[in-house]
Amino acid sequence: MCQFARVWIPDPEEVWKSAELLKDYKPGDKVLLLQLEDGKDLEYRLDPKTKELPHLRNPDILVGENDLTALSYLHEPAVLHNLRVRFIDSKLIYTYCGIVLVAINPYEQLPIYGEDIINAYSGQNMGDMDPHIFAVAEEAYKQMARDERNQSIIVSGESGAGKTVSAKYAMRYFATVSGSASEANVEEKVLASNPIMESIGNAKTTRNDNSSRFGKYIEIGFDKRYRIIGANMRTYLLEKSRVVFQAEEERNYHIFYQLCASADLSEFKVLRLGDANNFHYTNQGGSPVIEGVDDAKEMAHTRQACTLLGISESHQMGIFRILAGILHLGNVVFMSRDSDSCTIPPKHEPLSIFCDLMGVDFEELCHWLCHRKLATATETYIKPISKLQATNARDALAKHIYAKLFNWIVDHVNQALHSAVKQHSFIGVLDIYGFETFEINSFEQFCINYANEKLQQQFNMHVFKLEQEEYMKEQIPWTLIDFYDNQPCINLIESKLGILDLLDEECKMPKGTDDTWAQKLYNTHLNKCALFEKPRLSNKAFIIQHFADKVEYQCEGFLEKNKDTVFEEQIKVLKSSKFKMLPELFQDDEKAISPTSATSSGRTPLTRTLSKPTKGRPGQTAKEHKKTVGHQFRNSLHLLMETLNATTPHYVRCIKPNDFKFPFTFDEKRAVQQLRACGVLETIRISAAGFPSRWTYQEFFSRYRVLMKQKDVLSDRKQTCKNVLEKLIVDKDKYQFGKTKIFFRAGQVAYLEKLRADKLRAACIRIQKTIRGWLLRKKYLRMRKAAITVQRYVRGHQARCYAKFLRRTKAATIIQKYWRMYVARRRYKIMRTATIVLQSYLRGYLARNRYHKILREHKAVIIQKWVRGWLARTCYRRSIHAIIYLQCCFRRMMAKRELKKLKIEARSVERYKKLHIGMENKIMQLQRKVDEQNKDYKCLMEKLTNLEGIYNSETEKLRSDLERLQLSEEEAKIATGRVLSLQEEIAKLRKDLEQTQSEKKSIEEHADRYKQETEQLVSNLKEENTLLKQEKEVLNHRIVEQAKEMTETMEKKLVEETKQLELDLNDERLRYQNLLNEFSRLEERYDDLKEEMTLMVNVPKPGHKRTDSTHSSNESEYTFSSEIAETEDIPSRTEEPSEKKVPLDMSLFLKLQKRVTELEQEKQVMQDELDRKEEQVLRSKAKEEERPQIRGAELEYESLKRQELESENKKLKNELNELRKALSEKSAPEVTAPGAPAYRVLMEQLTSVSEELDVRKEEVLILRSQLVSQKEAIQPKNTMTDSTILLEDVQKMKDKGEIAQAYIGLKETNRPSAMDCHELNEDGELLLVYEGLKQANRLLESQLQSQKRSHENEAEALRGEIQSLKEENNRQQQLLAQNLQLPPEARIEASLQHEITRLTNENLDLMEQLEKQDKTVRKLKKQLKVFAKKIGELEVGQMENISPGQIIDEPIRPVNIPRKEKDFQGMLEYKKEDEQKLVKNLILELKPRGVAVNLIPGLPAYILFMCVRHADYLNDDQKVRSLLTSTINSIKKVLKKRGDDFETVSFWLSNTCRFLHCLKQYSGEEGFMKHNTSRQNEHCLTNFDLAEYRQVLSDLAIQIYQQLVRVLENILQPMIVSGMLEHETIQGVSGVKPTGLRKRTSSIADEGTYTLDSILRQLNSFHSVMCQHGMDPELIKQVVKQMFYIVGAVTLNNLLLRKDMCSWSKGMQIRYNVSQLEEWLRDKNLMNSGAKETLEPLIQAAQLLQVKKKTDDDAEAICSMCNALTTAQIVKVLNLYTPVNEFEERVSVSFIRTIQMRLRDRKDSPQLLMDAKHIFPVTFPFNPSSLALETIQIPASLGLGFISRV
């Protein structure tokens, strides 16, 4: 043991802890220096006695293996750690341990038990998939079928470990995989027994909410075909004490609480139950409710299961009465009289209810509950008992009743599961209690542990036997392995004078007690048996050393439980019950045994009472009467061991991970206890004692090829492995070479793994060294080159900088020179300028002073002049001012009013309404107003200018006056007084001037304000206009955007709805095709059952040749219902065999329905014609005198039509009677019996059809009466008087052809019967010609009248149209006038809206007209076909009665000239009797291989269609129907016979599709005739519409396609896993990890031969066969898509169920394989088939295996990448990811939780696996053929010489 080795050391808390060695171990060291995982150092002292070193830890690569035996170091800590890692980290609950499946209870529902998982494990070898209970069940089922040996599955474990669930899933697997051999659904009954047994045998304990309190062994029986035929159940040691006592937090059996929860039901009122807390037997535990469990619903499930198993309602109510009685019995209370006696209160309610329910006497039962009878040799005594004894007796009675009821239910369950068919083999499922140890262990624990000792012994022997067989098979010398043998412990219990013997002996003693029994045990076994001990502090207990642990048992209660005493008098009272079911419980055991208990192998069955006491049964011997519970249990256990030893056992060990039922919580202590107890560690020890690790030579070579040199590799793998091992492992005892495997001792695989890891690490280091050196050198060269480049650029930069510096220095010197010169010159200029400026200012100042003096003098003179002039103008200005002021005030008032109106208008709502209508006009008006105001303003300014001119003129006048005044100055001096007055006037004038100036200023200010307000108003209006325009633009933009958004939204919705409709269509198509598949399956099953019945009856009828079993059903289903009624041939039909009547009768029935519809339509047409003719009669009354014979031909035509309807009614009535007769005489009485459902339905339909025909007959009679009345109203003239008119009308015809044609038409339409023609023949030909001409004239007149009427109707219609056009024109003009008044935008919108409305109306009108025309065309076609056939029938009938001479003399109808023989018409003629030969040679005995290679593709389809064409040409619907029905039935028969041959199925799928395309191409429908040539259009069917048969052929093609897919799947299934997953296409990428015992079985030799090339070759084969058969390209694409889906689904499902395949290297392999498949698609030009998309989940799973899985970014990338995988699949792959090498890392739990958190909102299916059985819905696109039918040659090899080309 060297440094850094990892070891396991014991720990009191975690059991085992991991540590690392810090120092090398040397022999003799007593202490090991270790470091724990948390970083703490530890000194570990070795045991001085044993000196055993700690257990070595396995390499991390081996942790988490599927099989514990694959671990290199096999010991307890390695096993515990491996289970913990799988359970906690990978969420895997199943693990193999050799032959044992270890199942850990997750306490959580897991999605790993669905039917898809069952299908995935079905047929797989046990080592191929991950561990699972289904794998064990499949192994048992396979070995039963292969070895023809009975199997057993032994499920054991503690209470709460999941035993019952595991057994239930195993039985579900058998029921699903095998199915039942009868229609009784035995597998459902087997599963339905679980709810019943759980309700009466399971209860809640402190460890488990659904703990089984009994053991059971279910034998599931199979027939020779290994289908379930029945089952049988054995029970062991029911815990009866739970009925009367429950510990704290526990419950009684579930059934009691279910009854209490359902007490409110009406049928349970009689039980008088209530809440469970009201009963003593159900309230002791204090926990009546289980969280998450609805007892009322569980009760409903229990009752449903009882009903399914055949337990009647009366028996169910009887069971519930007994159970309710037990509850009421528990509430019975005893009152003490004294210490030795007790009594029950009178009329005690619980006891009275118990007596009422049980039907017993109250007083008698009350007496025996308080007394007992003692019998001596001479007499008997009745002795009272104490209260305690009475209570114990009551509880014993309750336990006894429940035990008997339990046995009775088990018996009836076995009766329901019993089968009369002989059992060939069986698989037993043992669900039994595991090893138990509690604080107080009693008799039950003793029996349970005794049973586990026996099972453990059998398990040890089986494991040892398997090891021995393995060594012997591989021819390896082996020595006896020492393993624990628990036979001494078993002898201690069951041998003579053993514990059970002493217990039985003490029970026989009159005064035997538990204490005396304990003393006998001490005296017998203490100090004599090493496995028996006595506790130190107790004399009433003993200790037994079991294989799992020491257990201390308390002796108290052993004797009482072993005796199980019940008073015989109480049993007698119950036997005398009036309730019939109660005495049945106490009958003799022989009568209670189920008939299913006797098995086919002759083994003695285990009775239902082996685990139950039988005290108190009369009629038994004394010895049998005294059998104890222990004795019975020992016998039943011996029988069980005999059964198990006679079968091949399979072991499932259930482990309880914790005691608190927490999900995915692992308690190491509890797990180790159970591993020790269940024998898993013993298996490990046995395996480790020998050679636990086993490798095949190929696996060893693949794994350790890296340890070999090239020269060591030989062609012989075995010799190569031997040579290498001799070099690697020196000690030859560490390994052995077998025939096919290499065996290694423990630890050697770890050593080899270390050598491999060291070699890979050295190689990795060398690779890393070389790569890193190369990278660093590359980096150095890159840096050196970069440095040189940088230096070059830096030096160049420096040189350029120095040159720049020199240039800048020289430039700076020059700049300084010029700058200094500039500064000096500038300074000089400034000084010179300043001097000149000073001089100029000084000179100017002096000049201005002189000027100002002169100016002041001049101004004084001017002022005087102006003052004088002002005085003259004062008066004038005052008047002008007043006028202007008044005008301003008035205008201001008017402007204010206008402004107020404008404001009111601006605030009004109407303005906003008219904004979008007249805003531009309004703005223009405002603009005009502003212009007018500007003009006014200019006018005012001109007026002001004129005033100023006037003022200047007046000023001049004043000046002149002033001069005159100056001249008259002297006069002024004289008039001094006058001057003073003038001065006063001047003062006044100044004041007036100031006032005038102030007024002028105010007016100017007012004008300015008005101008500003006007400008503000205009600007506001402009801004508002701008805003409105912007709003308009915004609104327009919004409208455009909304329209665009609405368009996009509608487009998106349209796309989504289209996708949804496509999905719905695919779903509907898939459902329809699934129904077809189910129908075909049921049809095949019906055929098989019919054949079996035929074989069972084996009484062939004389002279009767058996036809295909599907003949009648197919004939009836695929019968063609033509629109043309078939001819009557009643005598010939009565002569046909009864078997051939069925399809003919069904066709009659279908045609009757069709004919009824035709009659309704014809009746409606005739009624319309009658109404129209009545109106015409009223119109033409005035014209009747002139032309009274106009309506004669019409009346004759109506008479003819009436006669036809009457004949049709007669024919339909005959056909109905014939159909009834055929149904009553049908040969299958089980189908057509009067009480059969099919008969009743058919007769109801026939009755309804008959009633409809009677109604139609009455309507025809009414119509006839109306026609007769019309005929009588029109008085016909004498025919002889009309001869001239007739001759004139005839002469009016242009040529003789018209006359002949009219005569022939009349002859065809007016021949009532053969007798009339015969009478006319007797009168002579002339009369016939004359009558014909006369009728022709009448017909022509009627046609002329009808044409006139039609012209009148057309004229009226045209006048109506003209009137409507006028109205439309007027309306258009009105709309145009209205639109012209609107603005341009509104006008455009209105015109568009109107145009849309008009186009919509026109479209609707045209659609209505088109529909009417279509209806008219269809109606006319139908009438044409009907009349054509009637004419043919009449001609045939007439030709039979007319003599040859008459035929010669009659006018000859124009006929076509026959073509030459070389010009064929593309039809094949055959005789009716050759139909079977045609079908036989062309379908039944045709070899597809020869036809596909040598002849044209689809030749049989072309031949069949050409035959159908000829039958259509002959208008023989019976021949068409017979040929098509025979063809369909024959194809089905061929596919049933050779349905597993791909070529056959592909051939007939191709031909069926081609036949279907031919029926479409030549149907005459325009949609299918687009690609036809004119010649092909001539070959269209003329008489029959085969649309219904096209649907039948389409359904048949769907069934063939589904069968083709199943054939493909069966061929590809064995190749997929091996080729896509297991085979290493890229050699050396992935290595094989060490495997355990459960490795791939011998089937690996077969499956290993398949590679990816095998799959590709098979795909090529499929593709070439389909192409040779001429299959449609679209159909080939669908087949390829389905093939690729199967490959992807199967590969992904296996990947999700195989931990060894989830690795990085395997992801690379898968991606490479997928790329090869894609390359194959490209080579075949099938990339657009959708096949690649079906591989997307597999591709994403492979990518998931290869991407990084550490950071949050990685998680985000994974979530976005894996959109085709579900959340469950992603998490599963991450959990299963397993590193193959040490260099890979496991996925952390935190990373998986991150993925789950990110994907929690994704809504996808919770299903884990893909549905590999899913079949995509298939479509058959129309694919017309360009091949001309007339050019097809029939080869002689087909043997069709009896048919000829036409």
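Backbone N, Cα and C atoms are what each Cβ position is placed from, and that goes for glycine too.
TrEMBL: automatically predicted annotations, no manual curation.
Here TrEMBL flags 2-54 as domain 'Myosin N-terminal SH3-like'. Taken from TrEMBL, the feature domain 'Myosin motor' covers 63-757. Marked as ATP binding site by TrEMBL: Gly157, Glu158, Ser159, Gly160, Ala161, Gly162, Lys163, Thr164. For 594-612, 1110-1124, the entry in TrEMBL reads compositional bias 'Polar residues'. If you look up TrEMBL, you'll see 909-1099, 1149-1225, 1330-1430 marked as coiled coil. Summarising the annotation, TrEMBL assigns compositional bias 'Basic and acidic residues' to 1130-1141. TrEMBL lists 1525-1801 with the feature domain 'Dilute'.
Mapped onto this structure are the features recorded in TrEMBL.
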| residue | record | Cβ contacts under 8 Å, 6 or more apart |
| --- | --- | --- |
| Gly157 | ATP binding site | Ala103, Lys163, Gly434, Arg653, Cys654, Ile655, Lys656, Gln674, Cys678 |
| Glu158 | ATP binding site | Arg207, Gly434, Phe435, Glu436, Cys654, Lys656, Gln674, Ala677 |
| Ser159 | ATP binding site | Thr205, Arg207, Asn208, Ser211, Ser212, Tyr433, Gly434, Glu436, Lys656 |
| Gly160 | ATP binding site | Asn105, Thr205, Arg207, Asn208, Ser211, Lys656, Lys661 |
| Ala161 | ATP binding site | Ala103, Asn105, Gly434, Cys654, Ile655, Lys656, Gln674 |
| Gly162 | ATP binding site | Ala103, Asn105, Cys654, Lys656 |
| Thr164 | ATP binding site | Glu198, Asn202, Asn210, Ser212, Asp431 |
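Mean predicted confidence for the coiled coil (1330-1430): the pLDDT average there is 71. Note on Lys163 (ATP binding site): other Cβ atoms within 10 Å of its Cβ, all shown chains, come to 27.
Sorting the domain 'Myosin N-terminal SH3-like' (2-54) by DSSP state (H, G, I as helix; E, B as strand; all else coil) yields 0 helix, 24 strand, 29 coil. Same-chain neighbours of the ATP site beyond Gly157, Glu158, Ser159, Gly160, Ala161, Gly162, Lys163, Thr164, judged by a C-beta within 8 angstroms of the site's C-beta center, are, in sequence order, Asn105, Asn208, Ser211, Ser212, Gly434, Cys654, Lys656.
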